[in-house]
Amino acid sequence: MRLRLRLLALLLLLLAPPARAPKPSAQDVSLGVDWLTRYGYLPPPHPAQAQLQSPEKLRDAIKVMQRFAGLPETGRMDPGTVATMRKPRCSLPDVLGVAGLVRRRRRYALSGSVWKKRTLTWRVRSFPQSSQLSQETVRVLMSYALMAWGMESGLTFHEVDSPQGQEPDILIDFARAFHQDSYPFDGLGGTLAHAFFPGEHPISGDTHFDDEETWTFGSKDGEGTDLFAVAVHEFGHALGLGHSSAPNSIMRPFYQGPVGDPDKYRLSQDDRDGLQQLYGKAPQTPYDKPTRKPLAPPPQPPASPTHSPSFPIPDRCEGNFDAIANIRGETFFFKGPWFWRLQPSGQLVSPRPARLHRFWEGLPAQVRVVQAAYARHRDGRILLFSGPQFWVFQDRQLEGGARPLTELGLPPGEEVDAVFSWPQNGKTYLVRGRQYWRYDEAAARPDPGYPRDLSLWEGAPPSPDDVTVSNAGDTYFFKGAHYWRFPKNSIKTEPDAPQPMGPNWLDCPAPSSGPRAPRPPKATPVSETCDCQCELNQAAGRWPAPIPLLLLPLLVGGVASR
């Protein structure tokens, strides 16, 4: 225990961001240590190794993880890194470790073990207990997932019935929690599945899926986890491939969403290169495709509230969203009882929206609109706001009941237009109309001296639909069909703002040429001029007019008072 506390203290001191950015919380650092150790970036902590752990090695571990995930290589537990660590992913470690990854040039990784035969057998022994997918659909999806690898190599796969004296090479199970191997599942979200590399051990090649996930295929609303995409990834492990950092690789450790029609799916070049390094190229003869087609479950009629009419599916390209939030690296767009999800890659999970109450389990049925949402930095909880109340979720599960906005420092009966956590100072901002409040999550209390005028964010539109911060640290204000970008560390919008939201965020056609959205008025000093200047300086490091550098220490003490 003492060793762990010393390691946490060392990480807090060495991996903290510069003074202008918020320091990582102890909980985030603990998550980072556990995550980096679990997935192979740090050795397991014990006395002999902890004494040899250097600041450079700790930073290297985080940088390699960031490189693997396609993040800026800061070497710090910044918000984007923490959000990525909280994303659903494969259970297996990113096996090569720091030294191998630093030297590595190719993206794919090989486990060092292969099957010594070219014809492999497989069987699904147990099926998901509470899935919309039939057992036949699950078997067909597994067949197509294996075919994706067989088409690019000299491997063939045969499904076998119940064992007659010998188990198949690849035995597939849907299991929960501890299930007699070294990789227990953790319930909904988190780790999704794992598979074992080839070998002579009875468990070699076996593939396990977390039965507490909501497994789907062909989902029209983006709900659940696509079984085919995860199966293709795990079978890559079962054939001897490790994780890849290539952007388009199915072997990336993080879940990337559906990959399309199984009959048309093809591996990326990086995945083909890794597979053919192990088994050679596919023969010229056509691959024997499965004769069955995977069928999505029949569409279920949407459940309508008892005393209200059904809501038509809105057009995402019209903008005018009720709320927009960055939740664990994905951007959520809320509109009425619907929402869309944008992956970190910039791709929509689905062009069709998901239903609010099917996803956020426990949200009261009478809540038909989410006015604001954000992920709380200190513990990863997700807060949804509607009217003068908010609800707290752990992943998709509601914790407790409705809570009043007065807990966050707002007057009784007040509502919010936007809520966001600003990484430059770790504070939470609550916007209503032309003013905003600020809340200190670490101290669990509202900051004094608020509300303040929103014009201090120079160029921001009044009454925004919402405000969110990207994984890169830029702040975005949204209103109508446009957005205003504030570069990292700045509270002054870019000169070309506003920009159309649809083509840049939601895969919509560019708007026809016409009048631009009106630009908000330029910020003007409020009655307390000094207070206004402090706001501008402490957030962005920029001043309305040149000020001698020697005066800066006298005028501002840092971002904490923003």
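Yeah, the Cβs are placed from backbone N, Cα and C, and that goes for glycine too.
Counting every protein chain shown, the Cβ of HIS237 (Zn(2+) binding site) has 24 other Cβ atoms within 10 Å. For CYS90, HIS233, HIS237, HIS243, the entry in Swiss-Prot reads Zn(2+) binding site.
For CYS508 (disulfide bond), the count of additional Cβ atoms within 10 Å of its Cβ stands at 18 [all protein chains shown]. Feature annotation from Swiss-Prot assigns disulfide bond to CYS317-CYS508.
Here Swiss-Prot flags 367-412 as repeat 'Hemopexin 2'.
Listed as Cβ neighbours of the motif 'Cysteine switch' (88-95) (distance under 8 Å, sequence separation of 6 or more from its ends, same chain) are residues 38-41, 65, 68, 101, 109, 111, 183, 185, 189-195, 225, 233-234, 237, 242-243, 253-255. The annotation motif 'Cysteine switch' is assigned in Swiss-Prot to 88-95 on the grounds of similarity to another entry.
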Item to complete: Could you find out if DSSP has HIS237 (Zn(2+) binding site) as helix, strand or coil?
Response: helix
Worksheet entry | Those binding-site residues listed as HIS233, HIS243, and which of them has the most Cβ atoms within 10 Å of its own Cβ | HIS233
Worksheet entry | Lowest local Cβ density (other Cβ within 10 Å) among recorded positions: CYS90, CYS317 | CYS317
Discussion item. Other than CYS90, HIS233, HIS237, HIS243 themselves, what residues in this chain have Cβ atoms within 8 Å of the centroid of the Zn(2+) site's Cβ atoms?
Written reply: LEU92, HIS194, ALA195, GLU234, GLY236, LEU241, GLY242, MET251, ARG252, PRO253
Worksheet entry | Counts of helix, strand and coil residues, the repeat 'Hemopexin 2' (367-412), according to DSSP | 4 helix, 23 strand, 19 coil
Worksheet item: Under DSSP, is HIS243 (Zn(2+) binding site) helix, strand or coil?
Response: coil
